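Single-structure report; data block below.
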Amino acid sequence: MNVIEKIERQIKDNIILIYMKGTPQSPSCGFSAQAVQALSICGEKFAYVDILENLDIRKELPRYANWPTFPQLWIKGELIGGCSIILEMLENGELKKIISNAVLNSK
């Protein structure tokens, strides 16, 4: 499996997936920490990929997603965006709504 296939599999296999620096318990950058906190507030489980431990994904994902920075939030196979978008969506209530709908529709 090449790196693009690995990325596609991760995105397909996880309803809510964040590509981040570090882990949810120990984020390695402020943006990843803020994004994880926003996701945690929404109250649903999410998967993560630590790009610091997966350098091939760190290199290829920005090209694949056409999004240059991390973290990257994917919900039901769709790129939502990075930290600023996640925080904006949390503030206006859209993040909880989109996450709840994704989880409900997957059952």
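The backbone N, Cα and C atoms fix where each Cβ goes, and this holds for glycine too.
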_Just to be sure I read the record right: Lys21, Phe70, Cys83, Ser84 are listed as binding glutathione in Swiss-Prot. Which of Arg9, Arg58 is listed for the same site?_
Arg58
*Pull the DSSP breakdown for the domain 'Glutaredoxin' (4-106) and write it out as helix, strand, coil residue counts.*
56 helix, 19 strand, 28 coil
*asked:* Let me make sure I understand the structure: which of the binding-site residues listed (Cys29, Cys83) has the fewest other Cβ atoms within 10 A of its Cβ?
replied: Cys29
